[in-house]
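Heads up: the structure comes next, in structure tokens.
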Amino acid sequence: MPEPRGSSPLRVNAAFAARYGRYREREELQRLKDRYGDRHSSSDSSSESDSSDEHVEFDPQQERDFYRTLSLLKKKDPRIYQKDATFYQRTASSSDSEEEPAAEKRKKVQPMYLKDYERKVILEKGGKYVDEENSDGETSNQRLQQSSSKSYVEEQKQLKESFRAFVEDSEDEDSAEEGGSGLLQKRAKSKEEKAQEDADYIEWLKGQKEIQNPDTLKELTHLREFWNNPELDEGERFLRDYILNKRYEEEGEEEDEEEEDEEEERVPGPPVQLAVDDSSDEGELFLKKQEDFELKYNFRFEEPDSASVKTYPRSIASSVRRKDERRKEKREETRERKKREKARKQEELKQLKNLKRKEILAKLERLRQVTGNETLGFEEQDLEGDFDPARHDQLMQKCFGDEYYGAMEEEKPQFEEEEGLEDDWNWDTWAGPEQGGAWSQQEPHCEDPDFNMDADYDPSQPRKKQREAPSLGKKKRKSPFATAVGQEKPVFDPGDKTFEEYLDEYYRLDYEDIIDDLPCRFKYRTVVPCDFGLSTEEILAADDKELNRWCSLKKTCMYRSEQEELQDKRVYSQKARNVWKKQQIFKSLCPEEAEMPTEATGKPQRDRAGSSGQLVAPDGACGKRSQPESTPAEEEADPVTPTEKLAPQRRKRGKKARLLGPTVTLGGREFSRQRLQAFGLNPKRLHFRQLGRQRRKQQGPKSSH
């Protein structure tokens, strides 16, 4: 009977039907478990049904036996043709023993409820609940009674026997296998260690890793070389990847993914309502999926994630926004351009310095040729180093000093008499070869006897030497002096630079850095030499503190103008004339004063001839001694100038002058306090010391009576 036109064929989802069938079976199984309890038989049947869904796990030893057998097959070993050859060495007992713990792992751990605990108490303890603390107390009391009943020797003997029994039990291999407590037992490897060994084994077969102990894998070496051969065909390569990478486990996952994709690709329609028990976990999961599907279908036209505020990172990696780095690129370009210009400027200055050095060396060569001095003081290595002002001045003084410009021969040169030299020739009036005296400075005249009528003649060109007519007699030979005088001399050019100016220009090309196309160099300036009124010996022998009192280090290193330096030089030269003041400051340079301390120090004085214990006058010099009085005859012989006569008179007037204020007596002379303070002494201290000495002198005679 034909189908009506408006009817559509009924489609059934086979995957969904299969899953629903499995779900119904599990639901029925759970209902039976709740009614009759969990039996071993039911657990075995459930484990068998679940094992079909789980992935098959191979034993590692079986995998190694499989790889060893495959290696022998690829190698075509003769053992594969033997009838009694065994390739899988595992026994049934070992397989059963290893399957038992695996089955135990698959079993679920059953929780202990209150009913189970009460049943256990009734069966084991007769329905009596005993606290753990009381039981421990009872056992401790029993142990105490037992230990108290035995002596010390008996206890030691009992301990030794128990230890001996324990050692014998550990040495017995049979007892250890039966469950005895062995002393040393082989440590069982953990799951992580076994998994790491299997992974290393697979990596070794792939050729990606080396194993430290390859002796146990000798039979698999051929299989490893065969699989790592670069000329391996496509089929063998697929088999290698399928086995080593366990592609067979991925097939089940791919099937599940395909089923899910088919469900998503279905035409959306009203969901199929199924009767599901809400108490089951899978039923709840199914209902949740149903609600999610209805929610997505009802709100499919709304904006997704409307309840959440979206935020975006500032820098998006996948953005197509163009970065504007023109300013950065411009700065880098400017920096590179300035660097290139600086390098080019340095190269130009280097070339200019080389040209200047060649010019100076050429001038040195000319000087050697003209002066005849091959060992001139300047060499090429003097121009290679950095500029040193002291070295430069030393070389200039050595090469072009007074000895160079003002050197005169001490003795008149003597030449051997040669034949053909006329004695009556006056060489002092000789003006050089081919020179006509004052007429050479003027232009030639047509009436001159030596006027050249040739139109191509150029008078500016040097004249050729006139050849003397060959004489029939003996040939005349010139003397060395005549040869030296007859050489052509370089004409002095007032516009030419001196050698010192050439060197200054050469060293001026040195620079520290280039800033804005301008070579920056440290400028040296010529300063006025100033010794601050001290000689070299005084500066080296004096103490640092004394030098600082004479002139501070800050003042010596100060940057001053030339006028200020001249003023300081003049002031310190006048200060150095005061020998007494220099003596007071530089006491380390006057050993005589150290031997005879003054009364200001409070120490006993030594009598010195000619001084009579008096303080050295300001006019006295350091280290000078008083001269002995001259005899009347010497006084008459030496005429005395008027200034020398006035000097003693001035001293006498100074003694007769009235001293204002309190005075201090030193060495039989009176000095005012202002005078002593000008000498750098403390007048109050000297005054009180003087009073103390006077008081001691007065008390001395009284104590003697």
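Using N, Cα and C of the backbone, Cβ positions are placed for all residues, glycine too.
Note that the structure is predicted; figures quoted are calculated from it, not measured.
The feature region 'Disordered' is assigned by Swiss-Prot to 31-63 (among others).
According to Swiss-Prot, the feature compositional bias 'Basic and acidic residues' maps to 31-42 (among others).
Sequence annotations record features per position, and here Swiss-Prot assigns compositional bias 'Basic and acidic residues' to 52-63 (among others).
The annotation region 'Disordered' is assigned in Swiss-Prot to 83-111 (among others).
Look at Swiss-Prot and you will find T91 tagged as phosphothreonine, backed by similarity to another entry.
The phosphoserine feature in Swiss-Prot is assigned to S93 (among others); the stated evidence is similarity to another entry.
Per Swiss-Prot, phosphoserine is recorded for S94 (among others), and the stated evidence type is similarity to another entry.
Taken from Swiss-Prot, the feature phosphoserine covers S95 (among others).
The phosphoserine annotation in Swiss-Prot covers S97 (among others) and rests on similarity to another entry.
Among the features that Swiss-Prot reports, region 'Disordered' is placed at 125-197 (among others).
Per Swiss-Prot, phosphoserine is recorded for S135 (among others).
Sequence annotations record features per position, and here Swiss-Prot assigns compositional bias 'Polar residues' to 137-151.
If you look up Swiss-Prot, you'll see S140 (among others) marked as phosphoserine.
Taken from Swiss-Prot, the feature compositional bias 'Basic and acidic residues' covers 152-167 (among others).
All protein chains considered, the CB of S162 (phosphoserine) has 9 other CB atoms within 10 Å. The phosphoserine annotation in Swiss-Prot covers S162 (among others) and rests on similarity to another entry.
What Swiss-Prot records for 168-177 (among others) is compositional bias 'Acidic residues'.
Geometry remark: S162 (phosphoserine) versus S308 (phosphoserine), CA distance 74 Å.
Residues in the compositional bias 'Basic and acidic residues' (321-336) partition by DSSP class (helix H, G, I; strand E, B; coil) as 11 helix, 0 strand, 5 coil. According to DSSP, S162 (phosphoserine) is assigned to a helical segment.
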